């Protein structure tokens, strides 16, 4: 994952080189303009006195990303992929609370209603596997299955809280410090890779576990990568997908807010669930994936409510009611507050970052 994020740094250099070439081709005056633009946007990486050049600022969001992913994947071991994906909508609630506390952001009535609907949708999704667990045969298996589901859901929700802290820190860096999205993702990849190589992987190699006596046998993993082209290709696809996921996710935070990112991420759950069903019924003939049971109707209702919450939260933006001046919506006390979280209309063409 962090290797994919690390690749954002050379891509940032390539972007700056491409932009400079575009400006130089427009006119003779564009030569100097292109030089100034490229130098102005890359000096954050070259000049140690600038805010953008400090990789230390990215250490904490990088560590939050590492902890969040570890908790989420651990929780995935005790529940299904669709529940894991849908419960990620809990970040909407956590991120909203943290944005009010740390970013001093006010929420309008549409945002509050959207968050409430999201909570209801998450509750439906979380209850579905618990009810399904009681449908199995034997009281012992029911208790064990239910306990595993509760534990897995708890880990995922804790991961979402840590991830919400990460998004709030990233929004601070992207919008207040004005760090470029690719630079931020690249530095997170650097920190994550260093910590994994120096701390996490050696620790997992030393701790006892089911993987040939280790909690995670890194030596065996490297051996499998060297002797399996399919596994190597799968990891390459994973690196590319992580690269794109983090770039586009941070761009959303840079141009809008962290709340917009987590709201949109909650809506991709349907695709994961449909893929799970397709794998079960079409590809593997019931060996892998997730089958349709009576509690799937509850999951479907939960997703629909999550989708309604997404639309409600972004209602002002979707209906075109957001004014040009983001401070033009008054609150009940008559004062005007920023509604940055309802849709910053800065486009990349106007902001000059693309």
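Including glycine, each Cβ sits where the backbone N, Cα and C put it.
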- Given the ranges 232-253, 320-341, which one is assigned the annotation transmembrane segment in TrEMBL? 232-253
- Have a look at 181-204, 205-228 and point to the one annotated transmembrane segment in TrEMBL. 181-204
- Query: transmembrane segment per TrEMBL sits at which of 50-69, 150-169?
  - Reply: 150-169
- Item | Segment proximity, the transmembrane segment (84-103) to the transmembrane segment (181-204), 3 or more C-beta pairs under 8 Å | no
